[in-house]
Amino acid sequence: MAEIDQKLVEEKQEGLKRPLADENGKNSLPKKKKNRKQAVKSKETSIVPKPNVSEDEIKTYFNLQKKLKKAGALKTNKKNSTAKKNKFKNKKNKFVVSSDAKDSNQKHDNISKNKRTKKSKQMLSAKQLDNIRKKEFLTEKRSKLSPAYFDATYILKMMSHKQGSLNNLISTLKDQNNIKQVYALAIKVIKNQVIIKKIIDEIKPPKELDTLMIEILLGDLLFGQKRFKEYRKILEIEFVLENEKKIFELYNSREQVSDENIRQEVRYLRVNLIKMNIPDFLDKMLQHDFALQLYSKESTSFEDFKKMALALESKSFIRDYHFECLFVIKDSDTKTICDTEMYKEKMLFFQDKASVLAIESMDLHPGITVFDACAAPGMKTIGIASQLKNDCTIIANDMSKFRYKQMKNLIHNFGVEVKELLNTDFGLIEPSKYPDLDVILLDPSCSGSGMYRRLEYGTQKDFDEGELIQRCKKLAKFQLILLDNALKFNPKKIVYSTCSESQIENEDVINQFFANNPGIPYEVINVMPDWPLRGTGDYDFSSRCIRANFDTTMTCGFFCCVIKRTDCEISETNAEVKDEKSTNGVLVRNEVESNKQELVEPPTPRKSRRLQNNV
């Protein structure tokens, strides 16, 4: 054995000194220098035993390698060396490993396997888990688990960052084939988020796992069809199934939670007149086994209408009392509507009745030019174009890059034609580029205190009364800047609306706007005189503003005010609501007369300084 060891060492040293030779004994080294990998390969190749060697020589070879490594004579990459060793052992027709060697190798493999298993059960670092996701979770398993789970997780993430509502985000999904399943998965979490979050606090998932995916899985496990169970190798699914017993114990021992903020008895459905007319919509609804409930407005008060709407049965719908483009359905029928071709093809969409107030108060007419200054996600822009069947000129702008992209996709999908889509600060737009604007629509960021019925997701910060007032005042400053910016364009009308119920963001902003700009040829006009809820406060214009809330108008909380240039004629449609009778007997409008206001000679408008919106 000593002779063999000495011989191998000498061969090793001699192999490192002399160049390799070909069959004729000539130097066969290439002219170019070998890289490091080639050099290591040559060194290892020089000491690899030949075929037909004995078992003792094989053991000696491996022992010698270990000695050389310890002595530093053989410097190789550990990973490459291990791979080389395994390749050598598994080489067919080279040598046969003895039973002792097999047992030794198997024991070594079992020890390594146990170490790997033990390590995998320990807490993984974020980087390690991220690599696992990229290789297994996102590639192999995504193709098997329904994409609806991933889409629903994405929607919850966007909603938690206040990047859109549930319906708007679903409309932006590329795959519209499983929107019914996406909606079902997301809505279960949103409506039961209090219970789900309490369960998550108890089971305490590792921070490295996707909490939003776990919430989706819990919603499906507790309230859905549990379709994910067969994909156990996904880490989040494995965690949920391992804690399934505890999850159900926590759920069964829960306290009954009632959340008025997510109570939704009815939904408002709007027809996209660009793609479909009302008679076709009614026919298609009948084809889907929906029944239209008829009533006459002459013999029905608004209070009676609200009772009829709240008492709707499943697969029943009714035309709205005020707006012909809207229909009311039961909230539980939302999934059924989302699964229809009409909805998938953007022939109709969900829009709360309160949002229609801003559109109706514009007094739309064919050929009108509207600048939507805070347009994203684009539902009011779509509503304007739908009502006029694209017979209008629309410029839509939003400062947020993400919301701008969302708006761009929605507008394209709904078939809306716009003159310009802008992604910039409204205060930096040059007014001279847009002369003769009929309407500027301002629907700025607000506290959202009126969206108590909207399906929201995420942790809602609780403000005390003092903090809430300060927050509203801060927002009011931003809203006032936008109004001053709109004045520079000299439009015929400025329609200002918010989804806030706070007077600080509404009537107080309008009052401060006129105080900051004395003598301007603008005034607040009375719109929709038959609307039941008016503005608040002691201002002389308060009764000309309109408001909305659930108790009075069966909508979200909303405020709308129309500021009109006094040198423009007052439209007759603002002064009276013409008698309109529906041929199918669904809607009959009463004639309402109001006194026309006398036109006042406008003073010379002063030059307003340019204000830049830095918010």
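Cβ coordinates are placed from backbone N, Cα and C, and glycine is handled just like the others.
Note: TrEMBL annotation is automatic and uncurated.
Copied over from TrEMBL, here are the features:
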- 1-52: region 'Disordered' (REGION)
- 1-25: compositional bias 'Basic and acidic residues' (COMPBIAS)
- 29-40: compositional bias 'Basic residues' (COMPBIAS)
- 68-125: region 'Disordered' (REGION)
- 68-94: compositional bias 'Basic residues' (COMPBIAS)
- 100-112: compositional bias 'Basic and acidic residues' (COMPBIAS)
- 257-566: domain 'SAM-dependent MTase RsmB/NOP-type' (DOMAIN)
- Asp398, Asp425, Asp443: S-adenosyl-L-methionine binding site (BINDING)
- Cys499: active site, nucleophile (ACT_SITE)
- 594-615: region 'Disordered' (REGION)
- 606-615: compositional bias 'Basic residues' (COMPBIAS)
Binding-site residues compared (Asp398, Asp425, Asp443) - the one with the fewest other Cβ atoms within 10 Å: Asp425
Listed in sequence order, residues with CB under 8 A of the residue listed as 'active site, nucleophile' and six or more positions away: Ala354, Cys446, Gly448, Ser449, Gly450, Met451, Cys556, Gly557, Phe558, Phe559
Cα-Cα distance, maximum over Asp398, Asp425, Asp443, record's S-adenosyl-L-methionine binders, Å: 14
Assigned conformation of Asp398 (S-adenosyl-L-methionine binding site) - DSSP reduced to three states: coil
The domain 'SAM-dependent MTase RsmB/NOP-type' (257-566) [mean pLDDT, rounded to integer]: 91
